[in-house]
Amino acid sequence: MAESVELPSRLAILPFRNKVLLPGAIIRIRCTSPNSVKLVEQELWQREEKGLIGILPVRDAAAEETASVGPMLSHGVGNDSADRSSKIQVGNSDNLKLDGKNQQEVIRWHNRGVAARALHLSRGVEKPSGRVTYIVVLEGLCRFSVLELSKRGMYHTARISSLEMTKAEMEQVEQDPDFISLSRQFKATALELISVLEQKQKTSGRTKVLLETVPVHKLADIFVASFEMNFEEQLSMLDSVDLKVRLSKATELVDRHLQSIRVAEKISQKVEGQLSKSQKEFLLRQQMRAIKEELGDNDDDEDDVAALERKMQSAGMPSNIWKHAQRELRRLKKMQPQQPGYNSSRVYLELLADLPWQKASEENDLDLKAAKERLDSDHYGLIKVKQRIIEYLAVRKLKPDARGPVLCFVGPPGVGKTSLASSIAAALGRKFVRISLGGVKDEADIRGHRRTYIGSMPGRLIDGLKRVGVCNPVMLLDEIDKTGSDVRGDPASALLEVLDPEQNKTFNDHYLNVPFDLSKVIFVATANRAAPIPPPLLDRMEVIELPGYTPEEKLRIAMRHLIPRVLDQHGLSSEFLQIPEDMVKLVIQRYTREAGVRNLERNLAALARAAAVRVAEQEQAVPLSKDMHRLASPLLENRLADGAEVEMEVIPMNDNNHELSPFRVASPLVVDEAMLEKVLGPPRFDDKEAAERVANPGISVGLVWTTFGGEVQFVEATAMVGKGELHLTGQLGDVIKESAQIALTWVRARATDLKLAAQEINLLEGRDIHIHFPAGAVPKDGPSAGVTLVTALVSLFSQRKVRADTAMTGEMTLRGLVLPVGGIKDKILAAHRYGIRRVILPERNLKDLVEVPAAVLGTLEILLAKRMEDVLEQAFEGGCPWRQQAKL
């Protein structure tokens with residue numbers, strides 16, 4: 001508010017373009033031009049007290065219809081026109097001309113201005129060019145009239161005359177009836193404007209205090225200064241020295257501003273009335289919900305957001321996560337269901353509410369004896385594996401919070417890896433959830449997608465925990481060796497955090513964006529091979545190998561588990577189908593040679609389907625006996641009347657003599673050898689295969705390991721007229737190709753000792769060697785075919801047949817030393833399935849025979865070899881040809 005100040009007779013003048021400062025108003029300007037900066041530094045900045053300054057409105061010369069020509073003078077302009085040069089005409093009632101060098105210009109000043117007081121000064125950072133900026137906050141004090149304009153250095157000064165009324169003059173005017181009427185009219189209009197603004201902008205009542213405390217002639221300037229007016233209206237208000245004229249103009253401007261606000265409100269209400277259909281429906285639903293609440297009839301229409309909030313409160317979230325959820329919930333409440341992010345926020349909160357933050361399944365008192373019986377009933381054989389599981393459970397019993405290792409069952413398909421994990425969950429009394437990782441290449445499948453993406457979702461682990469509903473399940477990471485990596489990340493690397501007990505306490509799913517404790521989860525992994533698993537991930541797991549089953553174990557598994565399950569799946573029982581043990585043995589020997597039992601179960605299912613067809617064709621309707629006890633139910637009496645056909649088995653109470661079955665067959669169907677060939681087709685395998693394929697020289701029998709267990713691999717070699725080249729076929733890898741080169745080199749180097757060629761004669765003179773690994777459609781690689789290749793080449797060059805009952809495995813060096821290989825148990829089991837009787841192994845693999853079942857070892861002759869000569873001695877009938885000829 002302006003106060004009465006004694007003005008000096010001369011003021012420094014600041015030109016102010018297209019803006020008028022009125023007494024009582026406060027304005028903030030930025031001075032950047034040299035003239036303005038110089039004025040501030042000399043008149044205001046250097047003084048200890050805040051000085052006075054004059055404000056004169058100026059006009060652009062280009063806006064004038066007539067402009068005098070004079071010297072050019074550039075002035076900086078404050079506020080929104082800062083840092084711009086203006087061409088203005090200097091003059092009062094007459095034009096004032098100033099000298100210039102290059103061109104002339106006339107600047108026009110207004111003859112009235114406002115004395116201002118600097119309330120605040122601040123100096124900006126000096127630019128590299130040397131320019132300085134000042135920010136000045138000015139308060140208008142009173143009007144003055146310019147008597148004389150002069151220039152002081154780079155800025156102007158003026159001799160002024162104050163236009164304010166004296167106290168006596170003011171008292172006289174206040175007694176004027178016209179002035180009193182104008183004052184009342186102005187205050188009424190201003191009060192009405194204040195009321196409208198308070199309703200619209202929720203302002204406080206401090207503005208009303210001004211109407212009661214500030215004099216009317218000052219109040220008019222203060223009110224009008226807050227409105228948007230054009231430059232001409234501002235000049236008109238500045239020139240209104242007479243109080244009556246000033247009040248009249250102020251009342252007019254306030255009333256016009258009030259009318260503009262009312263018009264704007266009317267337009268706004270009209271626009272708001274034109275709501276879209278969805279908005280109208282939303283408002284109507286809100287009203288309907290309020291009406292139902294008043295009537296007490298809102299049970300079937302519960303507020304979804306309120307229900308979600310109650311669900312979140314009962315979820316048991318940690319305090320830090322609950323705060324995060326509350327922020328998200330408050331954001332959801334402010335949104336309308338039609339907004340794009342509403343559904344994503346709601347789904348996110350529902351996930352937080354559904355996750356088992358503290359809900360855990362209570363473990364039963366762990367009974368190791370019962371757990372062992374459960375494992376024995378669910379799985380036949382696997383003695384070592386079940387013993388390791390019992391040890392794991394014993395540690396869990398002694399220390400429930402122990403951080404046990406992550407068990408990883410490695411073995412071919414169909415050997416019971418997944419069912420073992422299920423048995424662990426049953427023994428612990430925990431829920432079981434399976435996470436399939438086969439073919440997963442996106443890291444987001446483990447860590448989840450970030451919520452910024454469209455269609456984002458949590459990772460498979462968090463989703464599995466949501467489905468199972470507890471925080472301590474047994475989680476199976478199935479096919480962990482079949483994860484891949486591409487541009488979307490490496491899932492195996494993401495599993496490092498999951499399987500590390502030191503890190504999974506604060507597992508951070510990208511979708512959740514809050515830590516989740518996975519330390520209570522018992523992780524079990526399965527894989528067909530350990531080689532594809534990255535070493536850092538493999539280091540976090542304890543590998544337990546599950547080799548294939550022996551024929552005897554398959555027989556016991558089929559009789560105990562497979563046949564009852566197959567009969568139950570096909571709606572049969574032993575009264576309809578019987579499969580003797582001899583027939584199961586034939587199925588195992590002639591139709592399956594896998595490590596697991598899945599193909600065996602498929603063949604048994606084929607027999608069950610054939611029996612189901614026979615039983616269905618012989619369906620007989622069985623009528624009820626006339627003397628049968630009749631039930632009291634009228635419905636049953638109607639349906640089971642005399643002569644009616646029975647659709648289900650009905651056993652009346654107190655009458656055990658009438659047992660009915662919907663189907664009757666003359667006798668159960670017993671599977672025989674003829675039925676096997678009719679249903680399953682001709683035998684696929686027989687014990688004569690090895691003898692038939694090794695009927696000619698140049699063929700040897702090897703043992704290899706695959707993802708499906710051990711396999712028997714035949715190696716064929718033949719010679720033809722050529723240039724001494726070696727040809728290899730059968731989709732071979734680099735390792736096995738190098739083994740063939742080494743084998744041929746060793747045979748050529750020992751050709752004379754082996755009596756395969758005379759001394760100093762090239763073994764390959766005039767002929768090529770072709771080595772083939774059937775079947776050609778199966779890729780093959782690995783370092784275990786060296787001894788098999790040498791045996792086939794020696795058989796070819798010596799024209800002696802290899803023993804058909806002998807198989808071998810092992811790698812050799814260029815000097816003939818036999819090296820150990822892996823997968824011994826699987827390879828011996830494969831030889832046993834093929835009917836092989838003799839197996840040649842590297843001597844250093846003797847320790848691996850401990851894992852082979854004793855029943856299998858009892859049917860095989862295990863021959864150990866240290867050098868390649870030992871292999872050749874055992875592979876041929878009657879010993880190695882060169883030893884026989886050399887009589888050694």
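Every residue, even glycine, has its Cβ placed from backbone N, Cα and C.
It should be emphasised that the depicted structure is a prediction, and the values quoted were computed from it without experimental measurement.
As given in TrEMBL:
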type     : residues                                                       : note
ACT_SITE : Ser784                                                         : active site
ACT_SITE : Lys827                                                         : active site
BINDING  : Gly411, Pro412, Pro413, Gly414, Val415, Gly416, Lys417, Thr418 : ATP binding site
DOMAIN   : 11-258                                                         : domain 'Lon N-terminal'
DOMAIN   : 694-878                                                        : domain 'Lon proteolytic'
Note = The predicted model's mean pLDDT over the domain 'Lon N-terminal' (11-258) is 72
Query = Could you state the CA-to-CA distance between Gly414 (ATP binding site) and Ser784 (active site) to the nearest Å?
reply = 25
Message = For a quick check of understanding: among the recorded positions Thr418, Ser784, which residue's Cβ has the most other Cβ atoms within 10 Å?
response = Ser784
Message = Between Gly416 (ATP binding site) and Lys827 (active site), how many Å separate their Cα atoms?
response = 19
Inquiry  = If you count CB neighbours within 10 Å, which one among the binding-site residues Gly411, Pro412, Gly414, Gly416 has the smallest count?
reply    = Gly414
Note = Across all protein chains shown, the recorded positions Lys417, Lys827 give the max Cβ-within-10 Å count at Lys827
Note = Cβ-Cβ distance under 8 Å, sequence separation of 6 or more, same chain as Val415 (ATP binding site); the residues meeting this, in order, are Leu546, Pro547, Gly548, Tyr549, Ala595, Gly596, Val597
Request  = Just jot down the residues in the same chain as Pro413 (ATP binding site), at least 6 apart in sequence, with C-beta under 8 A of its C-beta; none if empty.
outcome  = Asn528, Glu594, Ala595, Gly596, Arg598, Thr707, Phe708
Key: Cα distance (Å, whole number) from Lys827 (active site) to Gly411 (ATP binding site)   = 13
Task = For the recorded ATP site, whose residues are Gly411, Pro412, Pro413, Gly414, Val415, Gly416, Lys417, Thr418, find every other residue on that chain with a C-beta no more than 8 angstroms from the centre of their C-beta atoms, and list them by sequence position.
result = Phe409, Thr526, Leu546, Ala595, Gly596
Rounded inter-Cα distance in Å - Lys417 (ATP binding site), Ser784 (active site) = 27
Note = Cα-Cα, Lys827 (active site) versus Thr418 (ATP binding site), nearest Å, comes out at 23
Inquiry  = Whole-number answer please: how many Å between the C-alpha atoms of Pro412 (ATP binding site) and Ser784 (active site)?
reply    = 19
